[in-house]
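Enquirer: The active site, proton donor annotation in TrEMBL covers A:GLU144. The annotation active site, nucleophile is assigned in TrEMBL to A:GLU304. Under the heading substrate binding site, TrEMBL lists A:ARG105, A:ASN143, A:TRP313. Taken from TrEMBL, the feature domain 'Glycoside hydrolase family 42 N-terminal' applies to A:10-376. According to TrEMBL, the domain 'Beta-galactosidase trimerisation' annotation covers A:390-595.
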Amino acid sequence: MSKIYYGVAYYDEYMPEDRLEKDISLMLETGINVVRIAESTWSTLEPTEDEYNFYHIDRVLDAMHRAGIAVIIGTPTYAIPSWLALKHPEVMVTTVEGQQKYGPRQIMDIVSPVFRRYAENIIRALLEHVQHHPAIIGYQLDNETKHYDNIGRYMQEGFVQNLREKYANLDQLNQDFGLDYWSNRIDRWEDFPPVENTINASLACAFSRYQRQQVTDYLAWQASIVREYAQSHHFVTHNFDFEWRGYSFGVQPRVDHFTAAKCLSVAGVDIYHPSQSHLTGREISFGGDVTRSLKHGRNYFVLETQAQGFPQWTPYPGQLRLQAFSHIASGAAMVSYWHWHSIHNSFETYWKGLLSHDFSRNPTWQEATTIGADFARLSSSLDSLRADHDVALLVSNEAMDALNQFKPGDAKTNVYNDIIRRFYDALYDHNIALDIINDVDESTARYKVVIIPALYAADDGLLERINRYIELGGRALIGFKSGFSDENVKVRHGAQPGLLSHVCGVSYSQFTLPEEVTVTASVPDIDCSHDNRAELWMELLTPLPETRALLRYQHPAWRDYVAATEANYGDGLAMYVGFLPQPFLICQLFDHLTRGISLRSCTSRYAFPLIVKRMKNSHGKSISFVFNYSEKPQSYHCEMGGYALLTDTEVVEGSSLLLNAWDFIIIES
Amino acid sequence: MSKIYYGVAYYDEYMPEDRLEKDISLMLETGINVVRIAESTWSTLEPTEDEYNFYHIDRVLDAMHRAGIAVIIGTPTYAIPSWLALKHPEVMVTTVEGQQKYGPRQIMDIVSPVFRRYAENIIRALLEHVQHHPAIIGYQLDNETKHYDNIGRYMQEGFVQNLREKYANLDQLNQDFGLDYWSNRIDRWEDFPPVENTINASLACAFSRYQRQQVTDYLAWQASIVREYAQSHHFVTHNFDFEWRGYSFGVQPRVDHFTAAKCLSVAGVDIYHPSQSHLTGREISFGGDVTRSLKHGRNYFVLETQAQGFPQWTPYPGQLRLQAFSHIASGAAMVSYWHWHSIHNSFETYWKGLLSHDFSRNPTWQEATTIGADFARLSSSLDSLRADHDVALLVSNEAMDALNQFKPGDAKTNVYNDIIRRFYDALYDHNIALDIINDVDESTARYKVVIIPALYAADDGLLERINRYIELGGRALIGFKSGFSDENVKVRHGAQPGLLSHVCGVSYSQFTLPEEVTVTASVPDIDCSHDNRAELWMELLTPLPETRALLRYQHPAWRDYVAATEANYGDGLAMYVGFLPQPFLICQLFDHLTRGISLRSCTSRYAFPLIVKRMKNSHGKSISFVFNYSEKPQSYHCEMGGYALLTDTEVVEGSSLLLNAWDFIIIES
Amino acid sequence: MSKIYYGVAYYDEYMPEDRLEKDISLMLETGINVVRIAESTWSTLEPTEDEYNFYHIDRVLDAMHRAGIAVIIGTPTYAIPSWLALKHPEVMVTTVEGQQKYGPRQIMDIVSPVFRRYAENIIRALLEHVQHHPAIIGYQLDNETKHYDNIGRYMQEGFVQNLREKYANLDQLNQDFGLDYWSNRIDRWEDFPPVENTINASLACAFSRYQRQQVTDYLAWQASIVREYAQSHHFVTHNFDFEWRGYSFGVQPRVDHFTAAKCLSVAGVDIYHPSQSHLTGREISFGGDVTRSLKHGRNYFVLETQAQGFPQWTPYPGQLRLQAFSHIASGAAMVSYWHWHSIHNSFETYWKGLLSHDFSRNPTWQEATTIGADFARLSSSLDSLRADHDVALLVSNEAMDALNQFKPGDAKTNVYNDIIRRFYDALYDHNIALDIINDVDESTARYKVVIIPALYAADDGLLERINRYIELGGRALIGFKSGFSDENVKVRHGAQPGLLSHVCGVSYSQFTLPEEVTVTASVPDIDCSHDNRAELWMELLTPLPETRALLRYQHPAWRDYVAATEANYGDGLAMYVGFLPQPFLICQLFDHLTRGISLRSCTSRYAFPLIVKRMKNSHGKSISFVFNYSEKPQSYHCEMGGYALLTDTEVVEGSSLLLNAWDFIIIES
């Protein structure tokens with residue numbers, strides 16, 4: 001790709017009056033060069049079965065083409081028309097809450113043959129119709145696809161069939177999953193009960209994995225249909241999303257991004273984040289790191305992010321710019337707002353677009369025009385940025401599922417994501433840039449450090465590969481609960497943390513919840529005088545003789561136990577942390593782990609709210625972004641000299657630059 | 001009507017032993033002159049289908065008549081007998097929770113033809129039997145009727161039929177309701193999906209309005225049956241209630257009181273309120289103002305209010321009297337307790353009546369006897385009080401529905417009522433008496449001031465009538481979100497606040513939630529040194545040149561925006577307030593808006609806990625009630641001279657009177 | 001029985017590998033002398049219908065026998081195999097939530113004839129197979145049996161049939177239950193509606209009582225089957241449990257322990273309790289007092305208690321010992337852990353056993369070996385301890401049901417248990433040992449004091465027996481709400497507290513919730529200078545002339561009312577307390593009530609955390625246990641001389657002993 005895409009989702013269908021030409025003119029003024037259309041408009045495209053209406057599609061394609069604005073066509077399958085729900089109630093997904101009722105989007109059974117038939121039909125009808133239009137640059141499959149907690153007949157039957165193919169006899173399944181417990185044993189495949197209400201975490205997690213596999217298969221199926229029509233220069237993408245806590249948070253539990261992305265030519269993502277005084281850039285960075293990693297570091301599309309968004313997100317002056325360039329600094333090749341205009345009816349009336357309901361040139365829109373201009377002006381410097389990090393964070397849908405089956409204490413949230421984000425955020429704030437990985441293999445050797453929090457369920461192979469990574473010189477920070485259970489969520493019955501015990505030089509037989517427990521440091525370079533509270537979980541660690549104790553618990557009953565250790569193994573270094581530390585302590589543990597080596601991933605000695613991202617551009621130049629994520633002005637002492645792209649001025653190494661509230665600078669070196 | 005009714009609900013059916021004569025003797029001692037009977041006793045009246053038993057009705061009617069106590073007969077339709085539920089399960093209402101199960105009251109499908117048939121039957125049987133009894137003074141239809149969240153077949157079909165009659169073609173409906181969004185478009189009436197799970201607020205609100213219409217129709221249907229039997233001097237009333245927050249709070253979402261009251265000859269109401277240290281009189285006043293307004297200022301019946309009520313409501317000494325006369329001061333012609341005796345079994349065992357379970361002369365009952373005596377003694381002075389307020393508050397079920405579809409931030413309550421009550425309570429505490437209106441038309445000109453909070457959904461006609469009211473000299477305080485969407489809950493796509501923008505001289509394109517935002521005053525007569533927090537919502541207002549800024553936001557990002565404005569328009573004055581102010585600021589804004597004019601509605605310079613109500617009696621005298629809503633004695637400097645009715649003493653203008661805890665005085669001038 | 005049983009539940013079926021011989025060897029090392037097996041393994045025993053597999057049972061029985069470890073066989077009926085659920089979905093229990101879905105345990109309809117048939121079949125097959133095995137010492141029926149909130153067809157029909165047998169005509173039922181209210185009257189048995197959604201507390205409580213009766217019948221039915229196979233020296237027991245608040249709390253609402261225990265030869269119990277800094281011994285003591293009382297003071301089995309348990313329960317050093325001997329000190333003849341090994345899959349993976357998942361000799365296990373050794377060594381002194389208390393606490397499932405139908409204010413918990421435990425805990429902390437009774441009769445005369453909190457529903461007979469108990473010299477502390485309603489939950493319509501009014505010399509007609517209400521003392525020996533807050537409920541008491549006021553309310557509106565009274569009646573003393581006092585005040589009221597008499601139940605002048613339990617052993621010696629329930633060392637001034645069993649040393653009366661954190665001493669006198 002050769003330029004930065006600046007886009008919006010555009011819905012001619014939803015307009016209270018015909019505004020197409022006015023909108024396009026305003027888009028050109030904004031610097032918009034791409035629009036997403038069609039992805040939620042099945043009922044408009046096919047108002048009754050087998051009757052099609054391409055009025056809006058055609059006129060938007062034609063008008064955009066005339067204006068030089070590129071178009072992404074979305075397949076319209078994530079919201080079904082009422083006639084389909086009425087004619088075939090079985091296309092509505094069944095969850096533990098029962099069968100869903102018509103109204104919302106994303107309520108279909110994606111493994112239902114009937115749904116597949118109708119979905120294929122509308123995709124083919126649409127693509128047949130538009131395939132040769134010159135405005136089109138690519139296709140988006142569906143929208144934030146998930147399995148929608150499907151426990152329907154096809155999902156259940158498919159799951160059992162899948163197990164049958166894996167297990168020649170049920171004895172092994174009963175043994176692997178521990179089904180003898182509470183009389184859950186199954187001795188004939190015909191007796192296999194619905195998984196829906198199981199109390200067996202092994203079964204529940206296997207089912208969850210199977211559900212995610214159906215998302216992968218569904219997207220691959222759509223991709224294969226789309227590719228029958230797409231031209232060779234058209235990309236095929238999809239907008240992945242994340243766990244939703246009112247904003248994008250951590251790993252998506254219902255999709256395996258890494259396998260699902262295989263069918264795409266470009267990875268895409270939707271990133272929504274807190275704003276105003278809560279804007280930190282953490283979600284932009286996390287979401288970007290995940291998505292960039294899906295295609296081995298290649299640039300990705302931010303297909304949706306907020307312009308004004310929720311009422312509490314209306315951006316402060318400067319924030320929209322800060323956000324847009326933060327996406328670029330993570331490797332995005334497109335920043336596209338959901339959506340152009342604020343919608344006048346229905347569910348998302350208060351999820352505001354770039355334009356308010358009045359279509360006027362509001363202050364947020366005005367700021368967007370400066371972004372559009374800067375994207376155009378700086379595109380040759382910024383359009384193909386590549387990361388070159390030597391730190392990676394390992395995430396795993398399987399570990400998430402398993403850990404969340406056994407949440408510590410009163411935890412109600414997705415604890416796995418709490419933990420992952422605790423580590424990620426601490427390192428982000430510490431200006432450690434990283435890649436996200438979902439496996440460890442030979443290619444992992446390119447990272448000097450791997451962070452492995454809460455790898456609760458993992459097969460022996462993965463644990464052995466981690467050990468091998470360390471043996472060959474890698475340094476790993478391994479978090480509590482890692483290695484505890486195998487790929488079937490059966491707790492290992494040898495010493496814990498399983499196969500990691502040996503390499504980490506540590507073991508434990510007991511654990512508890514920390515209640516007013518703090519830690520003290522056993523080494524001089526770690527400061528535990530504050531932020532020393534142990535949170536969530538604590539393993540009562542016993543180090544082997546050669547293992548170095550780093551931290552100990554402070555508590556009358558547990559003071560004999562170690563809280564974190566470090567051990568040499570082969571040419572590498574294994575740090576094990578038996579509890580959830582506070583962010584300040586995570587940073588210190590990281591610094592301790594990496595003492596004596598220099599890291600490209602360490603982008604600055606400054607810390608949040610001054611965030612520094614460093615990328616390489618297509619001309620081989622180093623591009624440093626320095627972001628002020630606060631409303632307080634910040635002084636930045638330039639660590640590298642270079643050229644300030646936005647202001648067209650020289651930057652002298654060692655000089656000081658002042659960043660105003662929510663401001664940033666970009667330095668080419 | 002010629003006297004004050006003092007009443008109780010009486011259930012001979014529920015007695016643990018025959019007490020009729022003992023109770024009547026005690027009632028006479030109390031001063032009770034009216035009882036309500038029959039309204040919840042269908043299963044006693046018709047123990048099995050088509051077999052009737054009027055034993056309790058007859059003996060109570062006869063005994064009351066002998067004692068000179070009047071009787072109101074309630075139609076017994078709000079609680080169905082078990083045989084009906086068993087024979088016709090379809091009479092049980094279906095809600096989003098599923099079909100209701102037998103046990104509670106108010107679980108019937110009021111649009112079911114089968115239910116209607118059985119209900120009509122028992123009403124006719126009962127009225128046929130009692131119609132000539134001389135004890136009867138009137139009839140109460142059903143009890144606190146609502147639509148019970150009915151989404152059943154008849155409700156859904158009726159709703160669609162209603163739309164068909166309104167919309168010649170579906171294109172217009174799709175456009176008005178924005179159904180293209182998320183593929184909700186409907187292209188054939190046969191494809192109309194159940195509304196139950198819709199995400200389209202336009203559709204949901206239209207359905208809600210249709211549900212309320214069925215309540216209106218149902219009551220009108222009962223009224224027409226009752227009138228076939230009622231004699232000309234018999235009244236027909238109904239006991240409306242309010243949103244329930246453990247007590248009566250704000251506008252009733254499930255009934256349109258104004259249209260439903262049309263079929264009644266006297267408006268009736270049930271008012272329950274906090275007690276003990278939480279007794280403020282606000283609910284008595286609000287409920288009274290609503291109910292008095294239903295019949296154009298005519299006296300109304302308080303058909304139910306608490307005697308002892310919930311355990312936490314057991315009245316402090318003096319409170320029962322204070323409450324009773326507060327009802328009278330709002331225009332009530334009847335104060336009737338629910339209920340005479342505390343019930344010994346079932347759901348409301350701890351909703352205590354005037355008598356406790358032991359039927360003894362308890363302290364609350366003793367206080368009631370003084371009320372009974374005073375009602376009798378002062379009836380010629382107090383029995384037909386009329387209000388003459390020149391301030392009105394506009395409420396709207398449609399605005400409530402629409403606003404509550406889009407609650408700001410994390411709000412979970414009925415936000416519309418939160419807002420309405422915030423304004424109402426501030427003015428009540430400020431001793432501003434008012435009427436409640438649900439429309440603005442030519443007759444509104446009799447008010448000098450209209451308060452219009454959160455009129456979120458309104459058609460152009462209403463907005464134009466508001467503008468016209470101001471143009472002709474009215475003064476209006478218009479609250480945030482007013483005018484934002486049309487009658488179909490489609491957001492207006494011109495400048496906001498819609499048609500009110502011009503008259504208010506203000507517009508906005510953006511809004512947000514206030515987080516640590518305060519306001520400052522731009523005019524000298526408003527004090528923002530405290531209680532200056534902006535709550536719930538904030539619109540970023542830009543005034544036109546001639547518009548006066550009254551308040552501005554204090555916040556680094558929003559300080560350029562105005563928070564409240566005032567503009568002359570025609571002969572009137574339009575104040576616009578873009579956020580939810582604290583009560584102290586509402587009072588100041590009101591005073592600012594009304595500077596230079598004198599208001600009959602302004603009853604005192606004192607403020608809560610000293611509440612002053614002023615009414616006119618049938619002899620043309622002014623009756624002032626001065627209530628001390630606190631346990632601290634209060635000194636009241638008499639603003640008018642006159643005659644203290646309770647103590648039979650002269651009151652000299654300018655003299656000081658001492659009010660003890662929960663005490664009050666009544667001055668005739 | 002002639003020795004202390006020290007046991008574990010053992011699941012050969014759940015093992016990740018064959019460990020039987022290793023485990024037995026480790027058990028012998030621990031001092032384990034009994035194991036519980038089989039109780040949750042139906043699907044392993046009968047993998048498909050009518051095919052049996054006794055592999056695990058046989059090998060465990062044989063191996064245990066060889067090792068001299070006794071075995072308790074549990075009937076495997078509390079968790080059903082999937083084939084049964086699939087073939088006969090009707091065996092799954094239906095609750096108000098709908099029919100339960102396969103997965104968890106305890107989801108069967110225990111009154112379903114089909115379930116009974118299959119359950120009987122597997123019980124007979126198992127017992128037929130094992131009955132002659134010499135390792136067996138007894139049988140456990142099912143596991144923590146309850147009615148599982150069964151509202152299914154058989155439960156409903158049985159309930160109505162039960163009422164028909166009790167009530168010749170429905171008029172009396174309508175009257176007793178107050179069904180006329182809200183049209184709930186029933187005039188033909190055929191019209192009897194499902195009880196599920198009733199708003200009538202009388203009906204709901206009668207149904208609840210009937211549900212509990214089915215548990216009693218079910219256990220008796222299992223006992224009768226088991227006794228066909230059991231040998232005469234075999235015991236039949238069952239593990240009762242309690243209300244569950246994450247640990248055992250108060251009376252079990254779904255079982256009537258006293259009637260259900262009739263079919264057992266030895267009472268058994270499962271007791272789980274907070275640990276670490278929250279370990280108090282209260283649950284051990286309460287659960288023990290209940291269970292010991294079920295069989296008239298005979299020793300009972302603690303069939304399940306925690307070893308490590310939940311992660312937050314991992315015991316501090318010393319706590320496992322403290323717990324084990326606390327059970328013994330309450331009269332337990334067995335302490336058995338659930339469970340031997342921590343399970344590697346499924347629901348209870350984090351409910352850890354004596355061994356962790358790694359089967360290693362962890363610190364908790366190490367502490368267990370000292371318990372095993374001490375049990376063996378001290379068995380002749382400790383194996384048949386008997387209590388000899390002269391204080392009793394009256395509990396009632398009927399009062400609980402009724403009270404919880406009418407929870408004061410915003411209470412959401414089982415309020416009855418809150419109250420019971422408030423009184424129990426205060427007395428426990430005060431070192432008052434007691435028995436738990438569920439009736440008052442002639443045998444109650446052996447108690448000098450009876451505590452009667454919240455006896456909300458009771459028939460006249462019970463109230464009269466309480467009065468008679470006092471008349472004959474008993475002293476009773478009677479708590480608020482006692483006597484208020486009859487056995488049908490109909491509130492009495494005479495003076496309150498019903499028949500207790502006369503004996504207590506007090507009455508009230510009104511009550512309220514205390515809001516910032518404290519009490520003051522009217523007698524010199526009660527100190528109300530602190531901990532004087534009235535909680536939950538307050539009755540506005542009026543004493544008769546001869547009655548002594550003990551406490552008065554401090555509140556402007558209620559200061560004329562009395563809060564607690566004391567009256568002589570016959571030879572006894574009746575104290576009435578109209579509110580929920582703080583623990584410190586409960587102890588003072590108790591001391592006031594018992595002034596002038598000496599109590600065997602008063603075991604020490606010390607208070608929590610120093611808990612003293614005194615029992616008699618089979619040699620007639622007094623055994624005193626002195627427990628330090630805290631991590632702070634405590635000094636104990638010996639009130640009696642004797643012999644310290646654990647340390648084999650003399651204890652001189654009046655000497656001081658030091659107890660370390662969580663330590664205890666046992667003194668034989």
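From the backbone N, Cα and C atoms, a Cβ is placed for every residue, glycine too.
I'm curious about the neighbourhood of these features; can you describe it?
Expert: For A:GLU144 (active site, proton donor), the same-chain residues lying six or more positions away in sequence with a CB closer than 8 A to its CB are A:TYR78, A:GLN106, A:ASN239, A:PHE240, A:ASP241, A:ASP270.
Listed in sequence order, A:ALA9, A:ASN239, A:ASP270, A:ILE271, A:TYR272, A:SER336, A:TYR337, A:TRP338 are the same-chain residues six or more apart from A:GLU304 (active site, nucleophile) with CB atoms under 8 A from its CB.
For A:TRP313 (substrate binding site), other Cβ atoms within 10 Å of its Cβ number 22. Annotation note: A:TRP313 (substrate binding site) sits in a helical segment as assigned by DSSP.
Confidence in the domain 'Beta-galactosidase trimerisation' (A:390-595), given as mean pLDDT, stands at 97.
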Enquirer: Around A:ARG105 (substrate binding site), how many other C-beta atoms are within 10 angstroms of its C-beta?
Expert: 19
Enquirer: Please give the greatest C-alpha separation between any two of the substrate-binding residues A:ARG105, A:ASN143, A:TRP313, in angstrom, as a whole number.
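Expert: Answer in Å: the longest Cα-Cα distance is 23.
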Enquirer: Under 8 Å Cβ-Cβ from A:ASN143 (substrate binding site), six or more apart in the same chain: what's there?
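Expert: Sequence-distant Cβ neighbours: A:GLU39, A:SER40, A:GLY74, A:TYR78, A:ARG105, A:ASN239.
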Enquirer: Among the recorded positions A:ARG105, A:ASN143, A:GLU304, which ones place their CB within a distance below 8 Å of a chain B CB?
Expert: A:ARG105
